[in-house]
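Single-structure report; data block below.
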Amino acid sequence: MPAIVLIGAQWGDEGKGKATDLLGGRVQWVVRYQGGNNAGHTVVLPTGENFALHLIPSGILTPGVTNVIGNGVVVDPGVLLTELRGLEERGVDTERLLISADAHLLMPYHVAIDKVVERYAGSKKIGTTGRGIGPCYQDKIARQGIRVADVLDPAVLAEKIEGALELKNQVLVKIYNRKALEPAEVVENLLEQAEGFKHRIADARLLLNQALERDEIVLLEGSQGTLLDVDHGTYPYVTSSNPTAGGASVGSGIGPTRITTVLGILKAYTTRVGSGPFPTELFDEHGAYLAKTGGEVGVTTGRARRCGWFDAVIARYATRVNGITDYFLTKLDVLSSLETVPICVGYTIDGKRTDEMPMTQSDIARAEPVYEELPGWWEDISGAREFDDLPAKARDYVLRLEELAGAHVSCIGVGPGRDQTIVRRDVLAPS
């Protein structure tokens with residue numbers, strides 16, 4: 001069987017956890033392929049139980065599914081153990097979680113540097129979560145990182161941490177006037193934490209490719225979203241990894257020819273957390289309505305999300321960049337009770353119209369949305385389970401988004417629950 005990639009098509013928080021949870025009962029593997037605990041997935045089970053996951057794949061909540069933290073992820077050991085403990089206390093079987101030996105470990109000095117750099121950045125700060133993600137990826141690229149497999153050899157681990165702290169302590173003490181970290185203490189704490197996860201360390205790329213050869217289905221789950229991609233997003237207001245479809249292959253060890261379906265997740269409106277351009281952002285009562293009705297507060301940061309109307313320009317861009325084959329449209333129910341529902345179909349920049357993503361960040365920062373207004377609907381759609389159950393105006397809205405985004409809207413979320421979903425096309429069915 002092929003691998004399937006699940007991609008956020010906006011600035012994150014699109015509802016990827018709901019999509020993974022919906023598909024999880026029909027796949028054998030769920031893989032997190034990038035990011036760290038700077039993002040969160042919310043899953044609401046049929047029982048009404050609400051789970052917020054930050055590092056562990058959403059498939060952990062589905063019996064029988066093997067979950068993998070892939071090589072593209074940066075893992076904070078303390079956060080991992082806390083999340084595992086929280087799941088186990090609620091009766092979740094966590095034995096089905098594996099961690100790639102090649103994933104990088106997020107160290108205390110990464111968090112310390114992240115926080116002081118953001119604080120000193122002043123007006124130029126980018127809105128980092130302060131969890132050390134960026135500095136950890138910096139060390140990975142600079143070939144100074146600590147990998148998960150290093151905890152299996154304490155001597156090698158100690159040597160690597162001592163080498164890293166020779167430089168990190170210089171930065172912390174001499175530039176930022178912070179206290180130096182003791183290498184022996186860092187090593188001791190990490191080895192103690194490793195006792196709680198080293199039995200999970202695995203050659204993930206081998207296991208995943210063997211699973212595909214056995215015709216098992218592998219679901220690759222991204223965090224954040226396309227517009228936060230370090231290469232394809234609204235740079236520099238981005239994350240430090242590649243949440244796009246290309247990152248799924250790199251961050252899991254599964255070759256690109258084995259990926260046949262790319263499922264993009266789109267919210268029926270647009271949100272963003274932190275700094276950066278946001279052409280359709282609302283500062284009026286409509287923005288307040290979307291924030292309140294949609295419960296728009298970040299799962300990981302607790303920060304209020306900025307809210308705006310649906311932006312078809314970035315949706316079309318996400319389709320192109322990721323090769324999206326299908327869309328899962330979430331939170332359509334939030335738009336009920338609006339007299340009209342605007343859709344951004346293009347931008348004007350210095351008086352000139354464009355329907356494509358601006359090439360430069362200065363252009364996108366000046367982009368003014370061009371809206372097309374569709375009539376709203378007043379009916380409660382949370383009980384709809386077939387497309388024809390939706391009011392005609394809601395169906396028209398979905399079909400217009402589909403046309404503008406350039407890929408089929410195969411699933412529609414009409415509420416937070418697993419069962420509050422309309423399936424127009426089975427994305428797991430053989431094509």
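Glycine is no exception: its Cβ is also placed from the backbone N, Cα and C atoms.
If you look up Swiss-Prot, you'll see 12-18, 40-42, Arg305, 331-333, 413-415 marked as GTP binding site. Non-local contacts of Leu332 (GTP binding site) by the CB criterion (under 8 A, 6+ apart in sequence, same chain) comprise Ala268, Ile381, Leu390, Ala394, Tyr397, Val398, Ile412, Gly413, Val414. A helical conformation is recorded for Leu332 (GTP binding site) in the three-state DSSP classification.
The IMP binding site annotation in Swiss-Prot covers Asp13, Glu14, Gly15, Lys16, Asn38, Ala39, Gly40, His41, Thr129, Arg143, Gln224, Thr239, Arg303 and rests on sequence analysis. The number of other Cβ atoms within 10 Å of the Cβ belonging to Gln224 (IMP binding site), over all protein chains shown, comes to 27.
What Swiss-Prot records for Asp13, Gly40 is Mg(2+) binding site. According to DSSP, Gly40 (IMP binding site) sits in a coil region rather than a helix or strand.
Under the DSSP three-state reduction, Asp13 (IMP binding site) is assigned to coil, being neither helix nor strand. Taken from Swiss-Prot, the feature active site, proton acceptor covers Asp13.
Summarising the annotation, Swiss-Prot assigns active site, proton donor to His41 and lists sequence analysis as the type of evidence.
Annotated substrate binding site per Swiss-Prot: Val299, Thr300, Thr301, Gly302, Arg303, Ala304, Arg305, in sequence order. If you take the C-beta of Arg303 (IMP binding site) and look for same-chain residues 6 or more apart in sequence within under 8 angstroms, you find Val273, Gly274, Val297.
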Binding-site residues listed as Gly12, Gly15, Gly40, least Cβ neighbours within 10 Å: Gly40
Top Cα neighbour of Arg305 (substrate binding site) in the set of binding-site residues Asp13, Gly40, Gln224: Asp13
Where Val414 (GTP binding site) sits in the secondary structure, as DSSP reduces it to three classes: coil
Binding-site residues clustered about Gln224 (IMP binding site) [Cα within 10 Å; pool: Gly12, Lys18, Thr42, Ala304]: Gly12
